[in-house]
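Trainee: Here you go, one structure.
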Amino acid sequence: MLDLWFTEKQTKNVNFTCRIARTLHTETSKFQNIAVLETEEFGKMLVLDGTVQTTVEDEFIYHEMITHIPLYTHPNPKMVLVIGGGDGGTIREILKHPSVELVVLVEIDERVVEVSKMFLPEISSALNDKRVRVNINDGIEYVKNLESNNYDVIIVDSTDPVGPAEGLFTLDFYKHVFKSLTDDGILIAQTESPFFNRSLIKRVYKNISTIFPIAKLFLANIPTYPSGLWSFTIGSKKYDPVSTNLQDKYDIDCKYYTKELHRSCFVLPKFVQELLK
Ligand code: SAM
């Protein structure tokens with residue numbers, strides 16, 4: 001039997017390697033190479049341009065944290081925009097919130113959506129929900145052309161800041177997001193590893209805090225992402241995610257997120273605090 005391994009080059013000096021049972025799918029779309037691998041340890045894995053996006057075994061951590069922190073912070077999230085996120089995991093979590101009436105997914109690569117629907121139904125099934133509109137478009141252009149005051153929550157569930165995702169980490173983009181949010185709206189973005197992407201985190205946090213009255217960063221542990229430690233940055237017009245009263249809120253079914261964790265994930269190690277000064 002063949003001994004097959006997948007390797008992601010995470011930095012110039014660090015690789016992540018795991019054993020795979022087989023390749024389920026591979027293709028090159030207009031934007032990127034898309035692969036779905038069956039791994040021994042993490043179940044099925046979605047890989048874009050050689051970079052792990054999500055796996056069936058650990059996706060709940062990322063998708064719960066990028067969703068439930070902002071949606072529990074907002075008292076009545078009805079309209080939600082997701083930029084990127086074509087695998088559908090974030091959409092699945094958003095739809096657990098009973099107040100949500102409409103979710104718009106703006107994904108640049110139609111093939112990510114199609115491949116996820118075909119090979120990763122555990123993650124993508126909510127994409128077929130009637131509250132969801134899938135819009136195949138560049139998220140940067142989409143927010144630029146939006147009228148003001150549209151969304152209660154905007155979630156940037158993007159790839160790393162290269163290629164088409166690069167502009168999703170810029171001051172200009174966050175200004176358009178601010179305009180597109182309602183008066184008490186909340187932005188959340190995945191902002192990479194505090195270990196390997198320090199200058200990016202510094203820059204993004206500074207940009208978000210110059211635009212939004214409240215800026216906060218929190219961490220989660222994601223085994224298949226570079227360094228295992230991942231950051232998310234919030235920009236909020238009115239509600240502080242740390243002081244939200246969660247006691248009277250409804251419960252939802254989660255594997256990682258808890259109301260205690262909602263507060264504790266904002267308690268940062270010293271070296272991460274230093275990045276935000
Ligand atoms: N959880 C993931 C991570 O951190 O690696 C992200 C998952 S999701 C698959 C990322 C998606 O962002 C990709 O499908 C990619 O096509 C999409 N994307 C990248 N740049 C984009 C842009 N400018 N507008 C809309 N979608 C974009």
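The chain as shown is numbered from 1 upward.
Yeah, the Cβs are placed from backbone N, Cα and C, and that goes for glycine too.
Straight from TrEMBL, here's the annotation block:
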type: ACT_SITE; residues: Asp157; note: active site, proton acceptor
type: BINDING; residues: Gln32, Glu107, Asp138, Gly139, Pro164; note: S-methyl-5'-thioadenosine binding site
type: BINDING; residues: His63, Asp87, Asp157, Ser158, Thr159, Asp160; note: spermidine binding site
type: DOMAIN; residues: 3-237; note: domain 'PABS'
Trainee: Enumerate in sequence order the binding-site residues Asp87, Asp138, Ser158, Thr159, Asp160 whose Cβ-atom distance to ligand 1 is under 6 angstroms.
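Mentor: Within range of ligand 1: Asp87, Asp138, Ser158, Thr159.
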Trainee: From the centroid of the CB atoms of Gln32, Glu107, Asp138, Gly139, Pro164, the recorded S-methyl-5'-thioadenosine site, which same-chain residues not already listed sit within 8 A by their CB, in sequence order?
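Mentor: The answer, listed by sequence position, is Phe31, Gly84, Ile108, Asp109, Asn137, Ser158, Thr159, Ala165.
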Trainee: At the Cα level, what's the spacing in Å between Asp160 (spermidine binding site) and Gly139 (S-methyl-5'-thioadenosine binding site), rounded?
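Mentor: It is 14 Å, counting Cα to Cα.
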Trainee: Work through the recorded positions one by one (His63, Asp157, Ser158) and name whichever has its CA nearest to the CA of Gln32 (S-methyl-5'-thioadenosine binding site).
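Mentor: So, spelling it out, the nearest of the recorded positions is Ser158.
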Trainee: For the C-alpha pair, I'd like the distance in angstrom between Asp157 (active site, proton acceptor) and His63 (spermidine binding site), rounded off.
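Mentor: About 9 Å separates the two Cα atoms.
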Trainee: Taking DSSP as the reference, which of helix, strand or coil describes Gly139 (S-methyl-5'-thioadenosine binding site)?
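Mentor: SS state of Gly139 (S-methyl-5'-thioadenosine binding site) = helix.
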Trainee: What's the CA to CA span in angstrom from Asp87 (spermidine binding site) over to Asp138 (S-methyl-5'-thioadenosine binding site)?
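Mentor: Pair distance, Cα basis, whole Å: 16 Å.
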Trainee: Starting from the Cα of Glu107 (S-methyl-5'-thioadenosine binding site), work out which of the binding-site residues (His63, Ser158, Thr159) are within 10 Å.
Mentor: Ser158
Trainee: When DSSP is mapped onto helix/strand/coil, what comes out for His63 (spermidine binding site)?
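Mentor: In the DSSP reduction, His63 (spermidine binding site) maps to helix.
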Trainee: Mean pLDDT over the domain 'PABS' (3-237): what is the value?
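Mentor: When the pLDDT values over the domain 'PABS' (3-237) are averaged, the result is 97.
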Trainee: Would you mind reading off the Cα separation of Ser158 (spermidine binding site) from Pro164 (S-methyl-5'-thioadenosine binding site), to the nearest angstrom?
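Mentor: Each residue's Cα considered, Ser158 (spermidine binding site) and Pro164 (S-methyl-5'-thioadenosine binding site) end up 9 Å apart.
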